[in-house]
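Okay, so here's the structure we're looking at.
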């Protein structure tokens, strides 16, 4: 008996030892691959995708919609002129590069939609965006083929995207969207391909797809912050992947650590390095002063060639009689500014407006005066020191910076700040006490370096930039108030930027140039705050997230009346409504399949694509790229849905493929096969016919509007909210 127990123990020990020491992935394991299928099928997708996107790429030959922004920014890169935008720089850099290599010289002004391009070579920038947009159906085909192992599902997906008028339109113009969508789809395809290499860990192809996934993530985030959503998708998938590896008892802890570190390197460190490198190139190229200077700090501006602070010299300490500009330390807080316009009736006292303005302007200049005279004495002027009481006289209008107990225009718990008096003569409400943050009484005010607050003597409040944008009467500049809350914050802190006083000696400002990490951090803070503060422009359509999946409302790209060349961004109605049906059908089909499996039914190949790694991954991608918009406070537009639309189209391909293959549950062969083919043909013809009807929206139309007699689009305004 003891001998038998000993043999059993040895056998168990040997089995455990064998399990722990066996090869991780035996060479006999057959790696699953996507079905090869006819090579001509992928080639057909490629040809149709490129032909539909590149067709009439130069039409219309004028600026359309946001080309006025992104074409102009491409020109800024060619001219090396610094600008500000709420998005990271990669997309605009690529647009500028595409224009440069195709002969565009960066001289077209891109002033407004409708401006004729004339002799300027704009086709290269449009063509670049169209080429990237042409890859979207191709990537979608490959992704769905890998996930579902079905060429039919992949072909359905490719058909939906190739013949979607919305995807065509958004790919044909100088926009960030096709570049963003390209990197999102490239990231998903690389992730899926990497997942297919799970049985060949650390092989050449395994590393290739891992690094391509990381590079694509960096590209997506480098174009728009929306790229964070695909990063989250890949991150969640990676966590699930690592969790499964942790449960594989054939792997040692050392093996798991290698897998973890490889993913950290490929999916965190590499994207971070590439993303930061993008900004390094951005800052190196845009080294000339431009329209974006005023959004950034004085120290940031000192590195820009042509800026008045670049290699500049000025008096080191503030003095009476100086002409100065005063910049708020809040990011994008602006310069203290005034102009001849008055506050309107019902908004405090009807006196001269005082605002914060984000750009360099003559109306930003102020004279530093003593509280009781204009300091017309000769000789070296006295310095302004901590605790001094001064007046700030607006140079252009000669009115004093003034505060009183009237409520501020927008921040009602603060007091209004105005311009008051004539030729520097006012009253006691014009007096402000200078406070150097962290200073002591008698300390001088250092130009650029001192953080200064201005305390109103009469009311005890502090000069403050609220960051809120004034209405049209305030020229959409930033509200300036006098805050009764005296806590030191960047909004109540200012620095002296420009300083002119011929009676004082100058010093060089070159020592103030910030290092790379400082300007990287500052640029991100400015972008994030600028993004959240976006508001709709005049006559520009904005929409709500619930509008998007139902194709409720499009967006005008070009033209309004019947004499103009009109382009209207609107999805192919059949495609978008089939996608909507797919989103509803998929959870139902998963539930039915789960019940069937639980009851012991065999689903065979129909189970493929309905699991977590197939349709579940795509449904998660749709949710991550759609649901967050419900919580966003910024203005939203129809084109924000297109990343989610790509995921819903891929999910539709899998869903309808499984649904049509399920006809064998109702009919016996060959009738089930006939019904399946009939469904596929009906879906294809519906998409093609809808594309035939609505293709003028993408490729342009002239003549009567849809509701007018004789229109080419007569009878096609299926929803009253469509405006073509």
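Using N, Cα and C of the backbone, Cβ positions are placed for all residues, glycine too.
The following features are taken from TrEMBL:
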DOMAIN    315-371  domain 'MIR'
DOMAIN    381-437  domain 'MIR'
DOMAIN    442-499  domain 'MIR'
TRANSMEM  123-144  transmembrane segment
TRANSMEM  179-195  transmembrane segment
TRANSMEM  207-240  transmembrane segment
TRANSMEM  260-286  transmembrane segment
TRANSMEM  574-597  transmembrane segment
TRANSMEM  617-637  transmembrane segment
TRANSMEM  644-662  transmembrane segment
TRANSMEM  674-694  transmembrane segment
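Only sequence-distant pairs (6 or more apart) were considered; of these, at least three Cβ pairs between the transmembrane segment (574-597) and the transmembrane segment (674-694) are under 8 A, so the stretches are in contact. Between the transmembrane segment (644-662) and the transmembrane segment (123-144) there are 3 or more Cβ pairs closer than 8 Å, counting only residues 6 or more apart in sequence, so the two stretches are in contact.
Listed by sequence, the residues of this chain that lie at least six past the ends of the transmembrane segment (617-637) yet keep a Cβ under 8 A from its Cβ atoms are 147, 184, 188, 226, 229-230, 232-233, 236-237, 531-536, 541-545, 548-549, 555, 583, 586-587, 643-644, 647-648, 650-651, 654. Taking Cβ pairs closer than 8 Å, the transmembrane segment (179-195) reaches residues 90-91, 94-95, 129, 132-133, 135-136, 139-140, 142-143, 146-147, 170, 206, 209-210, 212-213, 216-217, 219-220, 222-224, 226-227, 230, 233-234, 237, 241, 613, 621, 625, 642-643, 646 in its own chain, all 6 or more past its ends. Taking H, G and I as helix, E and B as strand and the rest as coil, DSSP gives the domain 'MIR' (315-371) the counts 3 helix, 28 strand, 26 coil. Using DSSP to sort the residues of the domain 'MIR' (381-437) gives these counts of helix, strand and coil: 3 helix, 29 strand, 25 coil. The DSSP breakdown of the domain 'MIR' (442-499) into helical (H, G, I), extended (E, B) and coil residues amounts to 6 helix, 27 strand, 25 coil.
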